[in-house]
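Scroll down for the structure; my scribbles are underneath it.
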Amino acid sequence: MWFLTTLLLWVPVDGQVDTTKAVITLQPPWVSVFQEETVTLHCEVLHLPGSSSTQWFLNGTATQTSTPSYRITSASVNDSGEYRCQRGLSGRSDPIQLEIHRGWLLLQVSSRVFMEGEPLALRCHAWKDKLVYNVLYYRNGKAFKFFHWNSNLTILKTNISHNGTYHCSGMGKHRYTSAGISQYTVKGLQLPTPVWFHVLFYLAVGIMFLVNTVLWVTIRKELKRKKKWNLEISLDSGHEKKVISSLQEDRHLEEELKCQEQKEEQLQEGVHRKEPQGAT
């Protein structure tokens, strides 16, 4: 029973956040920014185990920054890349791909991959926050939203149909189109594996372990019993041989005694025959 209890304690509950894994958040919350802009990455852990020292990685290489916040001032193209972080004994975070752009207009988003049902916020951002009007948002080359004055666009609940390539355009002194074209992916919901499945799985493993143990013990006892039985047969066989040998010896002695008695009788008869002759 203790074995099954231990197995049940190992059962993971799907749908819960891994509280020991670091998570990167951005301020402002966009993964694409213009050159010379400032962006700060924060390394956060819900339940931080052990030491709170922080390590940052850019394109797989450890950086010299050891604080929970990684601040980039006056961003340049060299700051583009894949960022990860780790705090103390936490697991390393999922990567954040930061892009630094040049141009007059930029379509910004907080992530490039979303789970179905999550909100998607888009921002058509002008260089140095210049005023832009008659803003159009495009998906897969087709305009789908118009704002007379620049405004952020929020899709409250994303679904698979929102997958595609996005960009924006707007008017300033001239007609501008966003620098770079961003591909955004909406992943379908993955149904969590029910807890009962894990319980049944570990229960089956426990039963298999128990059955194997019982079989092993049974086979071991059977082997010991057979070994003892063979030994007893061997001993009995040896005893029978000794008894037979003893009987054979007794028979041989009896035969010798009979022969001896017969010889004595013959001698006595010979003596009796000689006595009458002497008397005559």
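Using N, Cα and C of the backbone, Cβ positions are placed for all residues, glycine too.
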Based on the annotations in Swiss-Prot, which residue of N59, N159 is described as N-linked glycosylation site? N59
Among C43, C168, which cysteine is annotated in Swiss-Prot as forming a disulphide with C124? C168
Could you check Swiss-Prot and say which of N78, N163 is marked as N-linked glycosylation site? N163
Excluding near sequence neighbours, so keeping only residues 6 or more apart in the same chain, what lies with its CB under 8 A of C43 (disulfide bond)? A22, V23, I24, T54, W56, P68, S69, Y70, C85, Q86, R87, S93
What is the total of other Cβ atoms whose distance to the Cβ of C85 (disulfide bond) is within 10 Å? 25
What is the total of other Cβ atoms whose distance to the Cβ of C168 (disulfide bond) is within 10 Å? 26
Provide the number of Cβ atoms within 10 Å of the Cβ of C124 (disulfide bond), excluding the reference atom itself. 24
Does DSSP put C85 (disulfide bond) in a helix, in a strand, or in coil? strand
